[in-house]
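Q: One structure coming up, written as structure tokens, with questions to follow.
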Amino acid sequence: MVQQLVFSEPRPGKPPRHLADLDADGRASAVAELGLPAFRAKQLAHQYYGRLIADPRQMTDLPAGLRDAIADTMFPILLTAASEVTCDAGQTRKTLWRALDGVTVESVLMRYPHRNTVCISSQAGCGMACPFCATGQGGLSRNLSTAEILEQVRAGAAALRDDFGDRLSNVVFMGMGEPLANYARVVAAVRRIVAAPPQGFGISARSVTVSTVGLAPAIRKLADERLGVTLALSLHAPDDELRDTLVPVNNRWKIAEALDAARYYADVTGRRVSVEYALIRDVNDQPWRADLLGRRLHRALGPLVHVNLIPLNPTPGSQWDASPKPVEREFVRRVRAAGVSCTVRDTRGREISAACGQLAAEGG
């Protein structure tokens, strides 16, 4: 039986307004409401996006009285770190965040030799009900606000600077939630992530990835935003019969519709689409499915696609496990034989439940 999809948040949350919720015009209006001179808007944005400071009491170039005045009105504490765990010799760090209304989400900071990536959540929980994903099995609590999303980015960037003397280079919307089901807030967050300081964090659009299970109309809408970010389509099966079960949204938008939307995205943006495929033993790893995947992707996207094979990560209560390595290698060979680029993704954080499909926001 297909678990019910949830596209609207069961418990809508409205966190207090934060500077990060506002664009340049909104910041100007907020500053004017407080009776402050217009230049303060740019100054506050520089503190947040440029210096990564979210506590006005640390904004030493502001008058002391002003710091107190804006603490609650423009810089409420939206997320509090409830716990942190690390693995990979400290190179992977998972943070459990608690919001003001008590919901919890997780983000993961990963350091690599030539890049630093933060994997962020866009919703508390997820309504897409994928049976192999811990987040999907937990259901959806609510959407995150733009500022709650951006606070995960700011915290990751600040941790890299303060703990490692390093910079954040990549942001991936691959944490908890379906980003395109929280479309307006996610797009607003992306705009702030890629904008140069003091309007945003200044991360290259090419280094930002937005993942989706295949909300075809929203993929097309995102293409028309012309943000230039990477689209990652979580496919996980090349045939509708299996994908209807593994990715229940397929019952609304079939593979052909998702691939048509992905092709539209590639054509409009000029960006290669990433296809995510969690390899599950004896479920979706058969040679004929590798052949079918290669053929369908080559026909739909030509050279504008890359397949990331993901060894299935264990989740509580799941009866499935990862495909054996020889099966994995043969799957890669067959997809490549169809003329499609394919690699196995480096899995980080499995032992601390921080890898793909494992985030459940438990504990803390």
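Using the three backbone atoms N, Cα and C, a Cβ is placed for every residue, glycine included.
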Q: Pick the one from S169, S211, S323 that Swiss-Prot also lists for the S-adenosyl-L-methionine site with G177, E178, S234, L235, H236, N313.
A: S211
Q: For S234 (S-adenosyl-L-methionine binding site) and C130 ([4Fe-4S] cluster binding site), what Cα-Cα distance in Å is obtained after rounding to a whole number?
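A: Approximately 11 Å lies between the Cα of S234 (S-adenosyl-L-methionine binding site) and that of C130 ([4Fe-4S] cluster binding site).
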Q: Assuming the binding residues for S-adenosyl-L-methionine are exactly those in the record, G177, E178, S211, S234, L235, H236, N313, what is the maximum CA-CA distance in angstrom, rounded?
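A: The S-adenosyl-L-methionine-binding residues span at most 19 Å between Cα atoms.
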Q: Taking the Cβ of each of the binding-site residues and counting other Cβ atoms inside 10 Å, which one has the highest number: S211, S234, N313?
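A: That would be S234, with the highest Cβ count within 10 Å.
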Q: Count the Cβ atoms, other than its own, that fall within 10 Å of the Cβ of E106 (active site, proton acceptor), considering every protein chain shown.
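A: Its Cβ has 27 other Cβ atoms within 10 Å.
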Q: Just checking, which of C119, C126, C130, C133 (recorded positions) has the fewest C-beta atoms within 10 Å of its C-beta?
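A: Sparsest of the recorded positions C119, C126, C130, C133 by Cβ contacts within 10 Å: C130.
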Q: Among the recorded positions E106, C119, C126, C130, C133, which ones place their C-alpha within 10 angstroms of the C-alpha of E178 (S-adenosyl-L-methionine binding site)?
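A: Candidates kept after distance check: C126.
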